[in-house]
Amino acid sequence: MTEGTKKTSKKFKFFKFKGFGSLSNLPRSFTLRRSSASISRQSHLEPDTFEATQDDMVTVPKSPPAYARSSDMYSHMGTMPRPSIKKAQNSQAARQAQEAGPKPNLVPGGVPDPPGLEAAKEVMVKATGPLEDTPAMEPNPSAVEVDPIRKPEVPTGDVEEERPPRDVHSERAAGEPEAGSDYVKFSKEKYILDSSPEKLHKELEEELKLSSTDLRSHAWYHGRIPREVSETLVQRNGDFLIRDSLTSLGDYVLTCRWRNQALHFKINKVVVKAGESYTHIQYLFEQESFDHVPALVRYHVGSRKAVSEQSGAIIYCPVNRTFPLRYLEASYGLGQGSSKPASPVSPSGPKGSHMKRRSVTMTDGLTADKVTRSDGCPTSTSLPRPRDSIRSCALSMDQIPDLHSPMSPISESPSSPAYSTVTRVHAAPAAPSATALPASPVARRSSEPQLCPGSAPKTHGESDKGPHTSPSHTLGKASPSPSLSSYSDPDSGHYCQLQPPVRGSREWAATETSSQQARSYGERLKELSENGAPEGDWGKTFTVPIVEVTSSFNPATFQSLLIPRDNRPLEVGLLRKVKELLAEVDARTLARHVTKVDCLVARILGVTKEMQTLMGVRWGMELLTLPHGRQLRLDLLERFHTMSIMLAVDILGCTGSAEERAALLHKTIQLAAELRGTMGNMFSFAAVMGALDMAQISRLEQTWVTLRQRHTEGAILYEKKLKPFLKSLNEGKEGPPLSNTTFPHVLPLITLLECDSAPPEGPEPWGSTEHGVEVVLAHLEAARTVAHHGGLYHTNAEVKLQGFQARPELLEVFSTEFQMRLLWGSQGASSSQARRYEKFDKVLTALSHKLEPAVRSSEL
């Protein structure tokens with residue numbers, strides 16, 4: 001025995017006897033597992049004495065070390081750090097250098113192996129490879145801890161030679177699979193895949209019987225299947241299916257085939273805040289928004305509308321699944337160490353390559369500074385090793401925002417179209433495995449992003465220098481479209497690096513057109529001044545946006561069907577004609593006429609290519625947020641106030657009984673409700689509500705009392721729903737769903753941007769509350785949403801007005817030029833805005849007092 005071994009033996013003995021003390025002094029709660037009779041057998045050192053006396057604090061499980069993991073959602077018992085493992089690790093290197101061959105295994109003869117253990121061990125060996133100097137793993141690690149009283153003479157090194165312990169922490173950090181967890185997963189997968197066809201068919205029928213809003217009830221939904229499998233399922237043009245995005249939790253991917261090429265479109269899930277305590281889910285697809293995925297599919301299949309402008313792909317033939325979702329997940333997304341060829345395997349090892357359906361692992365919760373601390377996956381120390389931290393980070397997917405795609409379109413930063421080649425970078429292991437894993441088309445994908453703990457995304461400058469970067473996946477191979485938002489690969493990689501395409505290549509030519517629209521005007525003007533006309537404009541020169549200085553409303557040259565060339569303000573015959581036209585149709589028809597005129601004025605509809613070139617943007621909703629869109633903002637302010645005044649004149653001009661005025665009030669309330677709910681026109685909804693809330697109308701007590709008596713439902717609708725909703729809109733707390741909006745509520749934003757030109761109409765919502773700064777910030781934040789979804793408003797307006805046959809007379813009544821001529825005459829319509837509004841406020845006050853004179857205090 002060497003001198004070092006003697007010192008180690010003395011330290012070991014001192015720890016055994018001095019650290020634990022006398023066994024008789026132990027409390028009864030720490031009594032030995034065996035009776036005191038077993039202590040008399042100290043001289044017997046047979047290797048098959050498994051029932052040895054062991055201390056409760058260092059006891060390890062009997063069978064293979066099946067430590068529970070938080071990702072498996074099993075019990076967390078037994079995951080505490082073992083103090084004996086640290087000691088065993090220090091002497092393991094010395095033992096391997098001294099001994100050339102392994103000692104006999106200390107396996108108790110009376111404990112049988114659990115079923116399927118050999119198969120699980122074979123899978124583990126295939127995944128990790130054999131170790132040359134380490135003996136085979138024994139299924140009984142409990143022989144490591146031997147009672148210190150029974151073997152005081154045996155050196156520590158000899159005991160550890162006979163039963164080499166496993167360093168649980170090191171092999172978990174290195175990404176090696178555990179035998180126990182593989183055994184559990186193998187059994188679970190085998191149980192699912194070995195189900196009888198009758199059982200699978202019955203389970204599929206139960207899924208298809210669910211509610212139609214439940215995605216599982218539709219056969220074209222295939223769950224978590226790999227990208228390659230989905231491409232093989234769509235065989236003909238028009239075939240399509242919906243699957244889960246394997247990297248963006250909660251998102252979906254529409255896979256279809258068009259022009260003999262498989263295309264993938266990502267469906268983003270966003271949370272829309274509709275109030276302080278109410279939120280709902282929206283699914284954004286291209287420039288459209290839907291309440292649920294089945295509505296998206298019904299819309300595109302029923303209308304045969306192309307899913308994207310770039311590809312022109314049309315879907316009409318669903319590819320139905322023939323197995324339940326549980327079976328598909330077991331086939332492609334559950335097995336870690338399974339020997340089935342379809343089981344996905346991570347390139348960086350089986351550990352951490354799969355994610356449970358409703359949970360995320362600790363890697364997804366890392367912040368950027370934690371991820372960039374280390375270079376390699378196995379040797380990373382940025383992650384805390386105790387499993388308690390993993391338990392705390394295994395949160396529900398519904399409780400955290402998506403880390404891979406923005407949850408709101410407001411936070412999206414558009415990718416530069418000038419970079420069309422996307423290089424996907426995956427973290428690779430620091431050392432190659434002893435046994436090479438077979439390449440599989442499914443092994444590249446997995447249900448969890450392939451960023452192992454501590455892998456660091458390299459910067460653009462050093463990304464290509466590393467020896468372990470994986471092959472690049474260009475965007476052009478995934479789809480022919482240059483649109484990054486529509487054709488980004490939803491299933492591979494954690495981060496991407498944009499590489500500029502080579503000038504003259506096909507990718508460069510395809511992206512030049514879209515890049516001109518995305519770049520700022522300053523960059524394009526600078527390029528024009530330095531290099532002349534850009535080559536990517538296909539022979540066209542850059543057109544500077546036109547800064548409009550004159551209003552689009554010109555009452556003097558307005559050609560009318562109802563108004564003569566020269567008219568006076570508030571002509572009685574003209575007012576009677578307008579009242580008759582408004583009474584002939586119902587509130588919904590009026591709302592459609594109003595919405596059509598609004599969308600034409602705001603340039604949501606009827607925008608030609610020439611108009612887009614002159615504006616510099618595609619839609620008016622984006623123009624009104626820009627500096628050169630000032631005239632559009634002023635025109636919308638003019639239209640808002642003119643519309644409110646005309647409706648107020650229509651009510652106050654009713655000189656009949658209070659019942660007639662109450663009926664007219666009721667129809668006006670119905671018009672506001674139709675504009676809000678059916679048409680999604682928040683602009684005219686606010687204008688109609690502004691007319692009802694005018695002081696000259698709200699003071700008509702007899703009219704409102706009659707309304708509550710004769711039209712109770714209208715009065716309740718106005719007081720309980722419409723007024724609170726408008727208040728929430730003005731305070732920036734609530735808004736309609738994007739899928740139902742044709743004209744957003746932009747009046748507060750316009751008032752903020754044009755505060756010097758906006759006519760005073762009472763206190764602003766941000767000036768009469770203590771939360772004024774929050775209200776202003778909410779409206780400025782909403783401006784980003786308005787500018788971003790201009791195409792969505794255009795699509796919604798087209799859908800709601802599809803097949804609508806408008807009457808020219810009603811369209812003229814709701815046009816701004818007609819209203820200006822009606823209210824101020826042919827000459828007064830050209831006067832200044834402030835003067836017109838000031839005079840007409842006095843006219844409305846006079847009409848109101850004529851209907852219901854003010855009660856004098858002496859008459860009370």
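All positions are counted from 1 along the displayed chain.
Just so it is clear, glycine is given a Cβ too, placed from its N, Cα and C backbone atoms.
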Name the residue among S63, S440 that Swiss-Prot annotates as phosphoserine. S440
Least surrounded, by Cβ count within 10 Å, of the modified residues Y278, Y283 is Y278
Per-state residue totals over the domain 'SH2' (220-319) - DSSP helix, strand, coil: 18 helix, 39 strand, 43 coil
What does the structure give for the C-alpha distance between Y283 (phosphotyrosine) and Y793 (phosphotyrosine)? Integer Å is fine. 15
When you measure from the Cβ of Y793 (phosphotyrosine), how many other Cβ atoms are you left with inside 10 Å? 24
If I take every residue in the domain 'SH2' (220-319) and average their pLDDT values, what number comes out? 89
Quick note, Y793 (phosphotyrosine) and Y278 (phosphotyrosine): C-alpha atoms separated, nearest Å, by 23
